[in-house]
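Annotated in TrEMBL:
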- Glu145: active site, proton donor (ACT_SITE)
- Glu302: active site, nucleophile (ACT_SITE)
- Arg106, Asn144, Trp310: substrate binding site (BINDING)
- Cys110, Cys153, Cys155, Cys158: Zn(2+) binding site (BINDING)
- 9-379: domain 'Glycoside hydrolase family 42 N-terminal' (DOMAIN)
- 390-591: domain 'Beta-galactosidase trimerisation' (DOMAIN)
- 607-656: domain 'Beta-galactosidase C-terminal' (DOMAIN)
Amino acid sequence: MPGLGWGADYNPEQWPEHVWAEDVELMRRAGVNLVSVGIFSWAKIEVSKGEYRFGWLDRVLDLLHAGGIRVDLATATAAPPPWLTTAYPEMLPVRADGVRLSHGSRQAYCPSSPIYRDRATALAAEMASHYRDHPALAAWHVGNEYACHVKRCYCDTCAASFRDWLSSRYTLDQLNDAWSTAFWSQGYTDWSQILPPRVTPTFSNPGHVLDYDRFSDDAILELYKAERDVLKMITPDVPVTTNFMVNWTFGALDYWKWAREVDFVSNDHYTESQSPDRHVELAMSADLVRGLAGGEPWLLMEHSTSAVNWQPRNIAKLPGEMRRHSFQHIARGADGALFFQWRQSRGGGERYHSAMVPHAGTDTKVYREVCQVGAELGQLTGVAGSTVDAPVAILYDFQSGWALQQDAHPTQDFDYFKHVFGYYKALWESGVTVDFVAPGTNLSAYSMVVVPAFHAVSDAHAAVVADYVAGGGHVVVTYLSGVADEHLRIRLGGYPGAFRDVLGVWSEEFFPLRQGETVSLSDGSTVSLWTEHLHVRTADIVASYVDGPLPGVPAVTRNAFGNGVAWYVACDLDGSGLRRTVENALSGAGVPVSAQRIEHSGIELVRRKGDVSWLFAVNHTDTDAQIEASGVDVLSGAQVSGRLTVRAGDVVVLREEV
Ligand code: GLA
Ligand code: ZN
């Protein structure tokens with residue numbers, strides 16, 4: 001793309017053909033330059049086995065091309081048509097309780113099904129051969145939000161693939177050991193005895209469940225790769241992506257692995273519309289996606305112009321909110337912001353989902369704002385390709401998230417994403433830009449790294465954290481980290497096993513709190529959810545409990561280790577306590593806490609740098625605010641010298657003088 005992408009999923013098959021020309025005309029008015037086509041078109045393209053109908057789609061692509069709009073073309077394999085699942089019901093996914101799901105919604109396929117895989121790769125090949133030379137073709141879009149509805153299938157085909165997956169990793173003895181099958185008489189004497197973790201009388205084996213998550217992730221990734229490889233054979237120069245789902249539901253797939261398999265990372269993001277912190281969560285998701293992209297620009301493949309249809313209360317966006325959201329994503333490294341979808345559906349399961357053209361038509365808040373932002377992004381073409389620098393990283397581990405979601409843990413109140421979010425929010429409020437990194441990443445580029453609930457940790461990954469501190473790095477490690485190995489076996493000798501030495505502490509027992517119970521700390525903070533009976537070895541005590549089950553026991557510690565510093569937060573701090581701790585750690589690490597803290601200015605500031613520096617300033621409050629900045633306000637053309645006013649709810653993009 002020459003500049004920033006602006007557009008949507010475009011589903012013309014939902015509309016009579018005479019609407020299509022109007023669509024393209026309205027897209028042009030809205031500044032649309034990129035649309036995703038064909039994601040759910042399988043039934044219209046392959047009408048029966050091997051019988052392909054491309055005529056209608058040819059006309060759609062030709063119309064778009066004539067309108068100057070590029071196409072992110074789907075391989076159309078996200079929703080198998082009824083003729084296929086009727087002919088091969090064995091390709092439908094099976095739940096843990098043995099119920100086989102039916103067609104009638106979408107994503108109705110078992111990830112291990114050879115039939116689905118054959119038909120999907122055949123369709124991908126047809127699409128690639130047919131559209132390889134179409135001038136509108138900008139990228140391939142494989143699948144759609146893999147694992148959105150079906151991550152694990154428990155059918156017999158999956159059982160067989162799971163056994164293959166296991167036997168390529170373990171001997172039977174190693175498996176029994178890794179899964180601690182001596183507990184509850186689970187010892188396996190033959191591979192054929194191993195099943196997917198189907199419904200059992202009580203708690204399943206944790207190592208078994210975690211390996212099934214890994215297996216399922218791999219099985220789905222193999223599907224993506226099978227289509228991608230077909231596309232690469234036919235159109236080697238067309239970039240291939242699949243839309244991730246990085247958001248507050250945290251991630252059913254290990255996207256660190258997936259990110260290596262796409263030509264560019266794309267993401268779908270929907271805010272939790274009832275949350276007052278939704279714009280902060282958006283920032284976190286965008287930063288995590290940038291991390292997945294290895295710091296390179298990425299594409300926001302979908303977000304919403306206003307309400308979504310699938311939350312308990314689908315709150316509409318206020319005027320200006322969609323604009324702020326779009327700019328937040330761009331500020332944090334997206335080279336485009338697209339929506340689900342172009343025209344709001346008349347029928348079907350998502351007819352109440354907002355779109356660029358709402359049911360009411362174009363004389364609407366939504367379409368007007370769509371046109372405004374489209375025009376504005378057209379003035380920002382130079383931003384494309386620029387990148388974001390961050391002094392601090394958060395180590396994010398999808399697999400620890402899966403592990404901590406399992407049952408039979410010390411508390412059911414812990415939520416991995418919310419926990420990470422607490423730290424992210426403290427950094428966001430402090431005005432510090434954050435990268436996200438994978439377990440095992442060399443951390444030396446960062447002044448400080450937060451390691452939240454890094455629970456299922458291998459020796460090798462623990463060593464990377466310790467080496468970073470020994471070499472002068474600063475870390476903040478939080479509770480539940482280091483407790484288990486990668487098979488969820490507890491590391492003995494005191495929690496937090498893998499990080500005891502670097503943190504200079506050991507913990508003899510967890511003391512999770514009752515629902516609603518709070519405990520006070522010596523530094524005035526309040527703690528809920530989690531405490532533990534911690535002892536210091538070499539660490540200094542920063543704060544201790546003054547009441548609750550562990551009065552006098554250390555709660556926050558700081559340890560000099562090698563040339564660096566390792567903080568341990570052994571409790572669940574409230575917002576202000578967390579802010580205080582994070583800011584203390586930041587100042588120890590030499591990271592300036594922005595004079596323009598968001599809490600004081602109300603303004604979120606992010607810089608993208610390329611040939612020039614672009615300062616994005618987003619005012620999330622309902623009062624005007626000022627910051628110190630100089631440059632050219634790109635959207636208004638005004639020269640700014642020293643003092644920039646960002647009006648309530650507004651966005652300013654400054655080409656900075658540096
Ligand atoms: C996801 C899907 C879209 C649509 C939207 C609705 O992003 O990819 O097809 O269902 O959710 O929010
Ligand atoms: Zn299956």
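Glycine residues also receive a Cβ, built from the backbone N, Cα and C atoms like all the rest.
Residues Arg106, Asn144, Trp310 make up the record's substrate site, and a Cβ search at 8 Å around their centroid adds Ala78, Ala79, Ser105, Gln107, Glu145, Cys148, His149, Glu350 from the same chain. On the backbone, the CA of Cys110 (Zn(2+) binding site) and the CA of Asn144 (substrate binding site) stand 15 Å apart.
Checking the recorded positions Arg106, Asn144, Glu302 against ligand 1, the ones with a C-beta less than 6 Å from an atom of that molecule are Asn144, Glu302.
Candidate recorded positions: Arg106, Asn144, Glu145, Cys158, Trp310. Those with a Cβ under 6 Å from ligand 2, in sequence order, are Cys158. Ranked by CA distance from Asn144 (substrate binding site), the recorded positions Cys153, Cys155, Cys158, Glu302 have Glu302 at the top as the closest. Among the recorded positions Cys153, Glu302, Trp310, the residue whose Cα lies closest in space to that of the residue listed as 'active site, proton donor' is Glu302.
DSSP gives Trp310 (substrate binding site) a coil state; it is part of no helix or strand. In the domain 'Beta-galactosidase C-terminal' (607-656), helix, strand and coil residues by DSSP number 0 helix, 29 strand, 21 coil.
Binding residues for substrate (Arg106, Asn144, Trp310) extend across at most 17 Å, taking the greatest CA-CA distance. Taking the C-alpha positions, the distance from Cys158 (Zn(2+) binding site) to Arg106 (substrate binding site) comes to 20 Å.
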